[in-house]
C-alpha cells in the first residue's frame, strides 16, 4: 500500500522522431536563409526599375521565415499524456473534490435552448459522485425560454442520469446518443424505451414554446422561478435572476432510482445599459462568485453551450493531473481539445483545427502547458481567483463537512443575487487580478497567460475518446467572422501590457513564449500573404520575373523550401487523421483567413490602438443553419450567400490571379516563347496557377452556381470591376 501511494496518476512521454524533425527543420532554415541572401544579393540599385517591388518581396519573405521560426515552438518538444484513473479511484474515491461546471449561453436564437440543455444534461450525467457535482447555466440573454428549457431538463434528468449509469451510455447528450443509435441494429429496441418518449415529449414542449416565443400561463404558475421575469425589461436591462432548480444538498433531491442528483442552478446576471457587461468574461466571473457560496467546488469546468460531454470519465482524467502527489500542486488548469461533431469528411472550412489539437498544443505542453481556449478546461478555483503559485503549496483538497451543508441552498437565492449585480465589481480587482480578464475579445487566452505568468503550469490532455464535441461553423462567413474575432483578440494581447513578448518574458519558458507569439501574430500574417498573392501574378502580365531562373543555383532553395513545407504540411495533416482533400481545403482556408479575416482584424486593432475605433464586440458564432444551407454543407459545397467585405476582398484577389493567368496564356499564344517563360518565370507561373486552382470554389460561386449559396451579384460585380481596374492600370503603368 505504501509503494502504491507514490505511483503517479499520469505519465508523460516525449514524441518520437523529434531528432529527425530537428534535422529536417534545420535544412528548411538553411533554405530560408539562402532565399533571403538571394533577395539581398540581387536587390536592384537605387533608381532601377522594380527596386521597391523587390524590397516588398524581401520583407514578405523575411516575415514568412520569421513566422515559420515561431511555429517551431509547436513542434520542437511535443509531449503526450496518459492518465491512470484506476489508481485515482483506489486512493481517492472517498476524497474526490467538488466540481462546479459552468455552461454559458448568450442568445436563444443562435444557441437554441434544446442544444443548451443537451449540453447541461451531458455534464450532469458524468461518471462522478453526484453530490460533488454542481452545474451552473449562465444565460446572458436572460431568456425565459432558456429557463423553461432548463426547468424541463431538471425533471428529465431524474430519468436520464440513472439510465446513463445503468446502461453505461456514451455520449451522454440525449440528442447525440439517440442519433448514434438511430441507424444501429438496436434502434428498434431503443425506440421502445420510455426514455426516448420522455425526451421527445420534452423536446416538443420546448420547441413549441420557442416557436411561438412565449410560454403558456400554466407553465408560469407551475414554477415560482418565472415570477423573476415580472420586472424584466429587455436582455440588456433586467435584474439578477437566480434560481436553484435542483439542490444537491437537499436529501429529497433524488432521481428515479433514489440516488442523489447534482445541483443545478440558473443564473442571468443583472444587465443595465450604463454598465459594461464584459461579455463572456463577465458572465464567468459572476458564476465564480455565486457558485462559491452555493457549492464552492475546488475544481471548475467551463464549456460552451454547444460543447456537450462526449466522454463520461473526463472529470476523472482531469483529476489525475490535479491530484498527483508529486506534480499535481503545480497544475492550474487542464485543457482538453476543441472537437466538433458536425465536421464534413474533407473539412470544407478547416474547422476541426486538426493540426492545432493533434500537433501544436502537444508542443506547447512540452514547454509548460497550452493556452486556455475558453471551453473544455478544468481549473483550480483558487487560481482563477488570483492565487499565485508557491513551491510550498500543498496539494490539498478540502472535503465539505456536514456543518458546511447546514444552510439550505434555496435560502441563498435572494442573498446571493447581489454577487451578480452590475455594481458589485466596482472598485474591486475582478476582471483584473481576480477572475477572467476584461477588455479583450479572447478573454480566455489572456487569462491563461496571466495564470502561467504567476508560476503555474497547465496540461494538455487529448484522450482517445474525445472529451467534448461542439458545433463547427457551416458557412464561410461564420468561419471568417470567428477567425477575425480570434485573431483580433490575440493581436490586441500582443499590443497590450499582457503581451507574451514582454509581460511573459522570464516568467514562462522561451518555447511557450514563442508559442503564444505565434497565435498573437495571426493577424500580422495578412500583409505578407496579401502581397505574395497579388504582386507576383501582376508582374506576369508585364513578363517581368521576380524569382530566380530555372538554370540558376538560386532556384534550388526556393523549390526546396516550397516543396518541403507543402510535403511536410500534407504528411502532418494526414498523420493527424485528415484526408488529402481535407488538406487542400485547409490550404484554401489558410489563404482566405490571411487575406480577409486577418486583414480586417489587423486594421481594426491598429485603429483601436490609435484611438480611431473603441469597439471590441464579442461576436457569437451561429450554432444553427437553415436546412438548405446545411444540405449544401453536407455535400461540401462552399456557402457564400450573404454579402460581406471579406468576400469582396477574396473575390477580387481570386479574379486578379485569374486575369493574370489568362493574360499570360494570351501572350504565349500570340508571341511569347514557352521555353523563355519556363526558364525565367516558372516559380511565378506555378504560384499563380496554384492560387487559381485553390480559388476554384470561389469562381464557381461567382460564375457557375445558381443556388442561393452563390456569391451575391453585388459582390460579383464589385470584385470584377476592382480586379479589371487593378490589372488594367498595372499593365499600362510605367
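Yeah, the Cβs are placed from backbone N, Cα and C, and that goes for glycine too.
Proximity of residue 140 (active site) to non-local residues of its own chain (separation of 6 or more, Cβ distance below 8 Å) is seen for 104, 105, 106, 107, 235, 268, 269, 271, 277, 279, 280, 283, given in sequence order. If you look up TrEMBL, you'll see 140 (among others) marked as active site.
Residues or ranges marked as active site by TrEMBL: 444 (among others).
Over all protein chains present, the Cβ of residue 111 (UDP-alpha-D-glucose binding site) has 25 other Cβ atoms lying within 10 Å. Summarising the annotation, TrEMBL assigns UDP-alpha-D-glucose binding site to 111, 140.
Residues or ranges marked as Mn(2+) binding site in TrEMBL: 280, 304.
Residues or ranges marked as transmembrane segment in TrEMBL: 20-40 (among others).
If you look up TrEMBL, you'll see 52-70 (among others) marked as transmembrane segment. The list of residues near the transmembrane segment (52-70) in space but at least 6 beyond its ends in sequence, with Cβ under 8 angstroms from a Cβ of it, reads 28-29, 32-33, 35-36, 39-40, 42-44, 514-515, 517-518, 521, 524-525, 527-528, 531-532, 535-536, 539, 546, 565.
Beyond its flanks by at least six residues, the transmembrane segment (521-541) meets 53, 56-57, 59-61, 63-64, 67, 70, 483, 486-488, 490-491, 494, 547, 591, 593-595, 598-599, 601-602, 605, 653, 656-657, 660-661, 663-664, 681, 684-685, 687-688, 691, 726-727, 730-731 of its own chain at Cβ-Cβ distances under 8 Å. The transmembrane segment feature in TrEMBL is assigned to 521-541 (among others).
Annotation comment: TrEMBL describes 553-575 (among others) as transmembrane segment.
Within the chain, the transmembrane segment (646-665) has long-range Cβ neighbours (under 8 A, six or more residues past its boundaries) at 476-477, 480, 484, 530, 533-534, 537-538, 540-541, 592, 595-597, 599-600, 640, 672, 677, 685, 688-689, 691-692, 695, 698-699, 702, 711-712, 715-716, 718-720, 722-724, 726-727, 731. Residues or ranges marked as transmembrane segment in TrEMBL: 646-665 (among others).
Residues 532-533, 536-537, 539-540, 543, 545-551, 555, 558-559, 584, 587-588, 591, 650, 653-654, 657-658, 660-661, 664, 668 of the same chain sit 6 or more residues outside the transmembrane segment (677-695) yet have a Cβ under 8 Å from a Cβ within it. Look at TrEMBL and you will find 677-695 (among others) tagged as transmembrane segment.
Sequence-distant contacts of the transmembrane segment (715-733) (same chain, six or more residues past either end, CB-CB distance under 8 Å): 538, 541-542, 640, 643-644, 647-648, 651-652, 654-656, 658-660, 663, 702-703. Look at TrEMBL and you will find 715-733 (among others) tagged as transmembrane segment.
Within its own chain, the transmembrane segment (553-575) has Cβ neighbours under 8 Å at 24, 27-28, 30-32, 34-35, 38, 42, 68, 354-355, 358-359, 547, 582-583, 586-587, 683, counting only residues six or more beyond its boundaries.
Residue 444 (active site) sits 20 Å from residue 111 (UDP-alpha-D-glucose binding site), taking the C-alpha atoms as the reference points. Counting only the Cα atoms, the space from residue 111 (UDP-alpha-D-glucose binding site) to residue 304 (Mn(2+) binding site) is about 10 angstrom.
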